[in-house]
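Visitor: The structure under discussion is supplied below as structure tokens; questions concerning it will follow.
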Amino acid sequence: MKPYQRQFIEFALSKQVLKFGEFTLKSGRKSPYFFNAGLFNTGRDLALLGRFYAEALVDSGIEFDLLFGPAYKGIPIATTTAVALAEHHDRDLPYCFNRKEAKNHGEGGNLVGSPLQGRVMLVDDVITAGTAIRESMEIIQAQGALLAGVLISLDRQERGRGEISAIQEVERDYGCQVISIITLKELIAYLEEKPEMAEHLASVRAYREAYGV
């Protein structure tokens, strides 16, 4: 586990974005942990979040020209990641996001920011069913741009309805790499370092046995 990944887990725990217990997911599964990125909701939270996203992007080595944040949750993520790349990595890159409702006055259209072109890195909080990615792909392809990759905060590494995860489906369908700041693997490695969290470790491991990919 890299230092920024450990720091991200601690940041998520401190903000109660990451919680352990028993949670019922939309899929009906009972999960021993829950991740709600909406609780990163202050200026300082966003500044830190952008640094973690930027770190993961640089670490991945994937080449891209522009950041795209799908409405709505992807918008602040794309913005703060663009700021962090410029401030901490000397990479001043354009960013763009979509509107859910097309505008027919002013500048019009359903895209805001830089022109959507070149190799696009899509940033979002999580991928649950991959629906947001599919909608974004339509927008990206309509502009003649290419999807270079997708970056999310957490990869739960669990099966969807079939034998593979929603993330693996996205990789298969669009031929792109999906990367994340952390995966379930790092989460388990973190729990293994913390004797006081042993009760959670057992339940997370059992969940991975049942639903992991």
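Here the Cβ of each residue, glycine as well, is placed from N, Cα and C on the backbone.
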Visitor: May I ask you to find which of Arg6, Arg51, Arg99, Arg156 Swiss-Prot records for the orotate site already listed with Phe34, Phe35, Thr128?
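Guide: Between Arg6, Arg51, Arg99, Arg156, Swiss-Prot records just one in the orotate site with Phe34, Phe35, Thr128, namely Arg156.
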Visitor: Closest of the binding-site residues to Thr131 (5-phospho-alpha-D-ribose 1-diphosphate binding site), Cα to Cα, picking from Phe34, Phe35, Arg156?
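Guide: Going through Phe34, Phe35, Arg156 one by one, the closest to Thr131 (5-phospho-alpha-D-ribose 1-diphosphate binding site) is Arg156.
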Visitor: Might you list, by sequence position, any residue in that chain lying six or more from Ile127 (5-phospho-alpha-D-ribose 1-diphosphate binding site) with a Cβ less than 8 Å away from its Cβ?
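Guide: Ile133, Val150, Ile152, Asp155, Ala166, Ile167, Val170, Val178 - these are the non-local Cβ neighbours of Ile127 (5-phospho-alpha-D-ribose 1-diphosphate binding site), listed in sequence order.
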Visitor: Near Phe35 (orotate binding site), which residues of its chain come within a Cβ-Cβ distance under 8 Å, counting only those 6 or more away in sequence?
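Guide: Expected: Ala12, Val17, Leu18, Lys19, Val126, Ser153, Leu154, Arg156.
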Visitor: If I take the Cα of Thr128 (orotate binding site) as reference, which of the binding-site residues Lys26, Lys73, Lys100 has the closest Cα?
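Guide: Sorting the binding-site residues by distance from Thr128 (orotate binding site), the top entry is Lys26.
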Visitor: To the nearest Å, how far is the Cα of Lys73 (5-phospho-alpha-D-ribose 1-diphosphate binding site) from the Cα of Phe34 (orotate binding site)?
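Guide: For Lys73 (5-phospho-alpha-D-ribose 1-diphosphate binding site) versus Phe34 (orotate binding site), the Cα atoms are 17 Å apart.
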